[in-house]
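K.L.:
From TrEMBL, for reference:
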DOMAIN    34-318  domain 'T6SS Phospholipase effector Tle1-like catalytic'
TRANSMEM  458-476  transmembrane segment
TRANSMEM  488-507  transmembrane segment
TRANSMEM  519-542  transmembrane segment
TRANSMEM  588-607  transmembrane segment
Amino acid sequence: MPMRTTPQRASFVLEQECRDQHRANIVPGAGMGRKIVLLSDGTGNSAAKVWRTNVWRTFEALDVSGSDQVAFYDDGVGTSSFKPLAMLGGAFGFGLKRNVIDIYKFACRNWRDDSDEIFGFGFSRGAFTIRVVMGLILNQGLIVAATEKELDRKARAAYRAYRRERYHTVWRVEHLFRSLRDLVRRDDYDKADNRVIQRIRFIGVWDTVAAYGLPIDEMTRGISRFIWPLQFPDHRLDLTRVVRACQALSIDEERTTFHPELWDECGARSASPRRDGERYLADEQVSQVWFPGVHSNVGGGYPDDSLAYIPLVWMLREAEACGLRFKSDQGTPPADPDTFKHAIVNCDKDGRLYDPRKGVGGYYRYGPRKIELLSNYIYAKRDVVSVARPKVHESALCRIASRVHAYAPVGLPAVYDVATYDGRIVTPDAFGLETSGEAATRAEAQEHVWNEVWKRRIVYFLTVGVSLWLALYPLLRKLPAKDEYLSPFRWISDIIRLVGGFLPGFAQTWIDGYARSPVQFSLLFAAVIVLIAWSGRLAAGISDTMGAIWRRAPSAPVTRPTNWIYRLRTSRIYTAFHDWLKRRGAPAFFALLFVYLGVTLTSHLLYNVQDIAGFTCRESPDTKRLARGEEASATFATSGLCNNTGIFVEGNGARYLVKVETTEPFRDGGIASPLGGFYSTDAPDWHQQLALVLGVPLRRELTRPWFRLVLRYGAVGGEEVFLDPDPEDGTIEAVIRPTRSGELLVFVNDAVLGVPGFYDTFYRNNEGAAKLIVKRR
């Protein structure tokens, strides 16, 4: 009679099987350690995505059937289920700290002794994350904890200690913030209690980019240098403890936001010839190989990912040579599909090369990668990347030679080695596409193409400038409504209104602005179209000229250019100024700007909190309620932070007719103002305009013009209404319906400070007065 299976027996059998498997994998070799594999994906990439990256494919390929290999896959930043956080993560890299700590805790949980080995893989910002995790492990060691709560607390403390020790700004201003934090929360943490890690077996990354990104590279650099360290402290590996490091890099990425973070190879073990006379990548300590395609053509994530499988196969083979085990149809049990057979069959050197700068992506800052510069890049005096002979993968050269597509990369250097499919390192002469001499000639002729790249960069900046003005001028200029109806190009305004009917409500400011200035809108819009078309034409010319150089066509240039563009962009004055602007001037400017915005907007926030709480305005002890048809008036000064009228308004649906009459001309520190206020650009002198623009973050009502009249209902709560002037004659007459009961208060919109006693500092130089007339209807 068959034995009946109970839930208890099923649980016992499962537990016994797990114990037997554990013994089979661990016990036989006391010296055989566990392989701990840490993986971090790129921005917006996760296990839930339809199109997967090489990080996920690596995770999926790992043989984790036993307990001797364990793996942790971490979704990239920008994958939060809470959409606002996902947007912040995708745009700026928020969430990196959480990802680092999660990965670090996994390593701490699973490390047992020095026979264990750590492997790390990452792509894009995930590559940055993995490199930070490895730095954290080598710097702080791995934590011993009795509970998950203790592990989490100590992991966070270890991360803070690591950053305190390794990440610094130029002037060490972060010490102040860290000291203030430590006053509130002091860590019960001692690095000496941790397990010291003697080596990292393998680090494999695809196209590392900076984790924290702002719209302009110099913004990120400015914050990292002067305010709060965000970027790598240096680009050196711990060559005494990192056994093997590999990085696959993109040749064709043109977005400067995706600046690649290379390792400095100075001092790293190089490959010596074996008995067969060949040099192999596997014998190097650090291998950084350039592959065809843009960022995600190398790291994966596109629908057609045949290019991405080439660096995937290379990375898996290098990791396998370091002892990592992948699923195989020769294993027990056999895997289907076999990791390498499946990956190799999907490789295609002539696969689709995507263009991430298509469409709206064209507003990414344009800057093709020049491998020679990136291989000798100076971040700071003590932070230099040096790669003596960059390695270009065979697939890139075969794609050029095959001519299946018009593939002509502009950034290949004059001196390089070729990394072959079978892992050898050969010279260009041995490979056969071009000799070393021909490579040098091609690099000389390539400068003609870089002249066109320079032109296209100028066109890009013009496009951004015109686009910014197109987006901003409706916000900065006073555009009377009558201009729309008096314009001889009214039909353009009608088209704008028609299109605006399909747009959300927040776009109304722009629709009004464009409709009221149809000629200016048309000229700016046409300028953007022309500049985009010009950029496309330059791109086609760059491709054609570079293709002719690679084919050694008779029409192709063979020497360096001698025109004024080449002389300008290679002149010592220009290059020195450009280098200063990019590395020092612009970062310092943006750092100062962010400090200023931080201080002023914090002041604005503090003022608003106190204002709503009733600390800035006081109601009169005696106020007058108006009966229907009754009228009352009050005179107020523009220098008053909060002028009392003595008139009590009711918020139960009552309506009041409000009029304002000037009794003394309005002036803001010598700048004459009409009754309805003025814009920053209306000031007569440029220095006054600049001062007013700088004062906008301190303005009481951020989105309203200077000296715009504001009515307030009661001292507490911040319920306000704006009195907009008539566009024809500038008079103010409006019907208001109070949202709450209280005394009617009035003031002009000016700058305020959030410090008690200094609220009205910028009101004190105001001149002028007006009469407010209120009639209940």
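Backbone N, Cα and C define each Cβ position, glycine as well.
Give me the structural setting of these features: burial, nearby parts and distances.
P.N.:
When averaged over the domain 'T6SS Phospholipase effector Tle1-like catalytic' (34-318), pLDDT in the model lands at 91.
Through the fold, the transmembrane segment (458-476) approaches residues 362-363, 365-366, 509-510, 512-514, 517, 520-521, 524-525, 527-528, 531-532, 534-535, 538, 679-681 of its own chain, all at least 6 residues removed from its boundaries and within a Cβ separation under 8 Å.
Packing against the transmembrane segment (488-507) from elsewhere in the chain are residues 514-516, 518-519, 521-522: each is 6 or more residues past its ends and has a CB under 8 Å from a CB in it.
For the transmembrane segment (519-542), the list of distant contacts is 362, 366, 410, 449, 452-453, 455-456, 459-460, 462-463, 466-467, 469-470, 473, 487, 489, 492, 496, 513: same-chain residues at least six beyond its ends, Cβ to Cβ under 8 Å.
Same-chain residues lying 6 or more positions outside the transmembrane segment (588-607) and placing a CB less than 8 Å from one of its CB atoms are 216, 218-219, 221-223, 225-227, 616, 694, 697-700, 702, 752-755, 759.
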